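Quick notes on the structure that follows.
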Amino acid sequence: MKHIPRKRFGQNFLTDDTVLYNIIRAIDPQPQDTMVEIGPGLAAMTRLLLEGVQQMHVVELDRDLVERLKKSFDPKRLIIHSADALQFDFSTIPVPAGSKLRVVGNLPYNISSPLLFHLAEMAPHVQDQHFMLQKEVVERMVAEPGSKVYGRLSVMLQWRYHMELMFVVPPTAFDPPPRVESAIVRMIPLAQPLPCDQAKLEQVVLKAFSQRRKVIRNCLAGMFAESDLLEVGIDPQLRPETIPLAQYVALANRL
């Protein structure tokens, strides 16, 4: 029976074989990898990944799709977690000593940002991540200071990862086609992020970008004096989108 994509799960299934093979080439699965796919859907990518790995895990919320997966794959090779990826504890996936998780997925666009922040908590235990996301989101993730789209997502994720937009995917590659272009992003956790308390950095960045049109002195009024900004090399008249990650970290370390 044909599965009808569900809007509430943000389901857009990747059906273009050329795009699928390009994604697999970018991931380059190896037999001993501990691979976990978020939202396998109709398993188009799952099947190709299983050609390269001995065993993999999938996290799927849609119970109908979970049943399809159970009927289609050997349970010794495909371990299915019927769960919401936003709530799932990825540390429960067993990984051989000396290895790390490889995480992949065509992420539901309606939960992409909170899911990326949830996964960031697992960064020390992850080798890499390859995700299909809305192109606009990927552009925000990799944006540099001075860009119109540089913001909270850019700073918080660049503190944790080296990221690269691999290639753009047109709406026609999906069923049903989304209204926007998509892109593949590669995320490699940094071995040594700049020393900083994550909660404090989040606090600073959230306040800084809550009023983008104001200068940083006004955005952070009540949290930092102008002298604090000057001491970490920030011109108080700059706008928040022009300030690099290292200076946000320096501010967080003053809290």
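Using the three backbone atoms N, Cα and C, a Cβ is placed for every residue, glycine included.
Following the DSSP three-state reduction, the secondary structure of ASN12 (S-adenosyl-L-methionine binding site) is coil. For ASN12 (S-adenosyl-L-methionine binding site), other Cβ atoms within 10 Å of its Cβ number 22. The feature S-adenosyl-L-methionine binding site is assigned by Swiss-Prot to ASN12, LEU14, GLY39, GLU60, ASP84, ASN106.
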Requested in this report: Starting from the Cβ of ASP84 (S-adenosyl-L-methionine binding site), draw a 10 Å sphere and report how many other Cβ atoms land inside it.
Outcome: 13
Query - Under 8 Å by Cβ from GLY39 (S-adenosyl-L-methionine binding site), same chain, sequence gap 6 or more - result: VAL59, GLU60, LEU61, ALA85, GLY105, ASN106, LEU107, PRO108
Query raised in the report: Per DSSP, to which secondary structure element type does GLY39 (S-adenosyl-L-methionine binding site) belong, with helix, strand and coil as the options?
Result: coil
Query - Same chain, 6+ residues apart, C-beta under 8 Å of the C-beta of LEU14 (S-adenosyl-L-methionine binding site), given in sequence order - result: LEU20, GLY41, ALA44, MET45, ASN106, MET132, VAL169, ALA173, PHE174
Report task. Enter the number of other CB atoms within 10 angstroms of the CB of GLU60 (S-adenosyl-L-methionine binding site). Result -> 25
